[in-house]
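Asker: What Swiss-Prot shows for this protein is this:
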type: BINDING; residues: VAL27, SER28, ASN29, LYS73, ARG80, PHE99, ASN195; note: CoA binding site
type: BINDING; residues: HIS31, HIS33, GLU92; note: Zn(2+) 1 binding site
type: BINDING; residues: ARG86; note: phosphate binding site
type: BINDING; residues: HIS140, HIS142, HIS188; note: Zn(2+) 2 binding site
Amino acid sequence: MITDGIMHKVREVYQLLRKEPGIIVGVSNRHVHLSREDLETLFGEGYELTPVKELRQPGQYAAKETVTIVGPKGAIENVRVLGPVRKETQVEISRTDAFRLGVRPPVRDSGDLEGTPGIVIIGPNGILVKEKGVIIAKRHIHMHPKDAEYYGVKDKDIVKVIVESGDRRLIFDDVLIRVREDFALEFHVDTDEANAAMLNTGDLVYIVEF
């Protein structure tokens, strides 16, 4: 039987293993990234996204525009479009969303779309039938190269992250490190993962070494 005393000792060990400072959490709700061509199909020729909220990652923003995504079993309205436009359209949803839509997306890094299921996207000016592009985003940490040097990691490394706040302390395994010059330090999880750990955007988590 695991006693409170044992759990207290375990938490003390985790605190010794964790790397300071903590990393800010960004909880990612379902959203869509659109290519230029697909943006114009959905919203009209020459259309430009309207930024309404800057995201923590430099140059990225939530747009005013929303779409409806439709799968074999259902639809979800008011799905936010994130900007700027990308080379390829990508739809990021949670596993809960996937059940609602009737699709079975894999857990993938952003941009890794080969072999992913398609979906229908409806905008005010048109409808897209995408043959691929739906993923459940792999949990990851964005880092600037200076952050990666500080934490002793490199691009594509896999680490563990501990959640110490709230009543659902846990460790996220298999967390991908993504390093780029235009990234800011942030731990990204989807809404299912955040709910499991009772995490909110702005909370802090810690990389741990074993």
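Heads up, the Cβ atoms here are built off N, Cα and C, so glycines get one too.
Provide an account of the burial state, proximal residues and distances for the features listed.
Answerer: Classification of LYS73 (CoA binding site) by DSSP places it in coil, neither helical nor stranded. Of all Cβ atoms in the protein chains displayed, 11 besides its own lie within 10 Å of the Cβ of LYS73 (CoA binding site).
According to DSSP, HIS33 (Zn(2+) 1 binding site) is assigned to a strand segment.
ARG86 (phosphate binding site) falls within a strand when secondary structure is assigned with DSSP.
In the three-state DSSP classification, HIS188 (Zn(2+) 2 binding site) falls within a strand. Listed in sequence order, GLY26, SER28, ALA137, ARG139, HIS140, ILE141, HIS142 are the same-chain residues six or more apart from HIS188 (Zn(2+) 2 binding site) with CB atoms under 8 A from its CB.
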Asker: I'd like the number of other C-beta atoms within 10 A of the C-beta of HIS142 (Zn(2+) 2 binding site), please.
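Answerer: Step by step: centre on the Cβ of HIS142 (Zn(2+) 2 binding site), count other Cβ atoms within 10 Å, giving 23.
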Asker: Please tell me which one of the binding-site residues listed here (VAL27, LYS73, ARG80) sits closest to HIS33 (Zn(2+) 1 binding site), measuring Cα to Cα?
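Answerer: Of all the candidates listed, ARG80 is nearest in space.
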Asker: Please find, for VAL27, SER28, ASN29, LYS73, ARG80, PHE99, ASN195 as listed binding CoA, the greatest distance between any two Cα atoms, in Å.
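Answerer: 26 Å is the greatest Cα spacing among the residues binding CoA.
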